[in-house]
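Here the structure is laid out as structure tokens; the discussion comes afterwards.
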Amino acid sequence: MTLSEFDDCNNYASVRNNASHEYSVRQAFEDGGIKAGAVQAVRLAYGVVSRRKAAEEGVARLARVLSALDLTALGVGSTLGVGVYVLAGDVAKNYAGPAVILSFLLAAVASVFAGLCYAEFGARVPKAGSAYVYSYVCVGEFIAFLIGWNLILEYIIGAASVVKALSEYLDSLLNKAISSQLEAALPLNTPHLARYPDFFAFTVIMAFSVALAFGVKESTKFNNFCTGVNLCVVLFVIISGSFKADTKNWRIPASEVPKSETKDFGSGGFAPYGLAGIIKGAAVCFYGFIGFDCVATAGEEARRPQKTIPFAVVASLLIVFLAYCGVSSVLTLMLPYYMQDEKAPFPFVYDQLGWPWAKYAVSVGAICALCSSLLGAVFPLPRIIYAMASDGLLFKFMGTVSERFQTPLVGTMIAGLFTGTLAMIFELEQLIHMMSIGTLLAYSMVASCVLLLRYERSLSGQRVTEPWNISFRDVVRQLVNADRHPTPTRLSSAVVSVLVALYGVWCFVMMISINQHGDAILAGEGGPIAALAAGALLVLATLYALSRQPVSEKKLAFSVPLVPWLPGISILINVYLMLNLDYMTWVRFAVWIAAGLIIYITYGAWHSSERRKCVEALQLADLHNDSRTELLQHARG
């Protein structure tokens, strides 16, 4: 047993010795009424959800062979895919027009902030892994489960959306041959589902899952080859498109914009859908930057991770943004935004320009990019499922490793079936929205965890027995740290926890008001402006109170700069982008979260490996105490 585990179980044992562990909620209710029973229930629940994994457990020291260039190429290869070949046309036509460039910029800023928070998380834990592992070590079991559950959603929906994009891209190249046949034979006349079952997408994802289940691993050379071809094609698109660029397509008057009863293409110009369209486009474009977290979680394999990981995160996101910016610029300059094809914009544009040969070059790059992105989405999925199943938070059979192939065979195939089914029955846009909301929530939770850990109280030494007698005056003084505590105290840590929770509430309230009354705010109406000012004041006051709290003395290889302001801005942007997704996305996401909570409450909380270790430690302690008591009685006799 490690030192961290021993301390945790010692704390647990001390609680038990004080009779609070065996003191049930029913006994508390009978002795002290409803208040005492509720307090005891909260105390026991907090003890369960805050269990932490020891950082030293299972450490596998991997060779530090990845340079900053290797990490940057990994991030670009995992990220640069659907955003270039599908999203640019979709967002330009339906959300932002030529201002799709600004949508990509806003999504890139949100991604950089989240990437820096991931980098600090990685610096805190001396082992390779995902945000699930980091949060389990640093924050606690319940938050780790939520982040892990969202990561599963991210990888499943990521793989489903990429294979769906690949299917639609090939379908467009074949003049809708696949979709027309399937829609005629098997139409799905159901709201919120695809028009037909996409069996091609299901077959491709199952082929990848079978290959992965039987031990086939992604080749670094293959990934680098696909990334190289992808970047070459992006440069080809930008250079070739510049010869056919016409700035008039960014200055289309409103009178020339087509109107119909079913579709409104805005008012023309650079931003035909206004600021709201740019923001909604950013929420969709955010999907194009998902994938950089594979860089932030490669800390154990990186040379000088405190420098190479932040550099690679920012560099890969910068390269990807420049690619998106260049591609979307020439796309909207070559052809008016309302004429774009959402499924395969570049083959369509080159056909319109009389360059049919160019679409085949672009198609090669698109297929390479989508295959690379598909590999990047499929391969981490069994690792997350295996890690959570091994920790007892998911069903144990999902983490069963095949003795012959040394892979989590059952979990991989179940994930493949689920992923293929989603790709088969949902539209690409629905999948992208669902992935965006799960990833945005995971990023927000990571940023919140950075805030909590930066002001965390050390559990070493005499601080464990620090008294807990506080008054309202003490809380008010702690909000501005009037006593100038140099290191975190029990009260300051509790204040930070409450402030971070309140900050999330303020962000939602402020951004909901902006989302619902944006036009009124821009028009200068007093009520909406006053509500916005009040929300902004609460947000700023909360961040200021956080900045006054004493900072943890723990030294890190890399720390997020400008805490709490940078993580706070990251949370604010993520919340706003989440609120700009449609309500059906929230309904599907709520169903996913509800399913996860049911699994955790009914299975994970009771089968957690951390719970088992503490129970075993307490049984050993009881055995030791019983033996000692028996010896004392024998000596007295």
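Here the Cβ of each residue, glycine as well, is placed from N, Cα and C on the backbone.
According to TrEMBL, the transmembrane segment annotation covers 62-87 (among others).
For 99-119 (among others), the entry in TrEMBL reads transmembrane segment.
If you look up TrEMBL, you'll see 131-152 (among others) marked as transmembrane segment.
Residues 159-160, 163-164, 166-167, 170, 178, 182, 374-375, 378-379, 382, 402, 405-407, 409, 412-413, 415-417, 419-421, 423-424 of the same chain lie 6+ residues outside the transmembrane segment (199-216) yet bring a C-beta within less than 8 angstroms of a C-beta in it. Annotation source TrEMBL lists transmembrane segment at 199-216 (among others).
Positions annotated as transmembrane segment by TrEMBL: 223-243 (among others).
Per TrEMBL, the feature transmembrane segment maps to 311-337 (among others). Under 8 Å from some Cβ of the transmembrane segment (311-337) lie the Cβ atoms of residues 68, 71-72, 74-76, 79-80, 83-84, 88-89, 91-93, 97-98, 100-101, 104-105, 108, 111-112, 115-116, 118-119, 231, 234, 237-238, 241-242, 244-247, 249-250, 252, 265, 272, 285, 288-289, 292, 295-296, 302, 345-346, 349, 352-353, all in the same chain and six or more residues away from its ends.
The transmembrane segment feature in TrEMBL is assigned to 357-386 (among others).
According to TrEMBL, the feature transmembrane segment maps to 432-453 (among others).
Annotated transmembrane segment per TrEMBL: 494-514 (among others), in sequence order.
Sequence annotations record features per position, and here TrEMBL assigns transmembrane segment to 526-546 (among others).
Annotation comment: TrEMBL describes 558-579 (among others) as transmembrane segment. Counting only same-chain residues 6+ beyond the ends of the transmembrane segment (558-579), those with a CB under 8 A from a CB of the stretch are 106-107, 109-110, 113-114, 116-117, 119-120, 122-123, 279, 282-283, 286, 305-307, 309-310, 436-437, 440-441, 443-444, 447-448, 450-451, 454, 503-504, 507-508, 510-512, 514-515, 539, 543, 546-547.
Annotated domain 'Cationic amino acid transporter C-terminal' per TrEMBL: 558-608, in sequence order.
Outside the transmembrane segment (585-603) by six or more residues, the chain places 142, 145-146, 149, 153, 393-395, 430, 433-434, 436-438, 441 with a CB less than 8 A from a CB of the stretch. If you look up TrEMBL, you'll see 585-603 (among others) marked as transmembrane segment.
Annotation: stretch 223-243 has the most Cβ pairs under 8 Å to the transmembrane segment (357-386), among 62-87, 99-119, 131-152, 223-243, 526-546.
Counting Cβ pairs under 8 Å to the transmembrane segment (526-546), the stretch among 99-119, 432-453, 494-514 with the most such contacts is 494-514. Most Cβ pairs under 8 Å with the transmembrane segment (131-152) belong to 432-453, among the candidate stretches 62-87, 99-119, 223-243, 432-453. DSSP places the residues of the domain 'Cationic amino acid transporter C-terminal' (558-608) in helix, strand and coil in these numbers: 40 helix, 0 strand, 11 coil. Annotation: stretch 99-119 has the most Cβ pairs under 8 Å to the transmembrane segment (432-453), among 62-87, 99-119, 223-243. Model confidence over the domain 'Cationic amino acid transporter C-terminal' (558-608) stands at 87, taken as the mean pLDDT rounded to a whole number.
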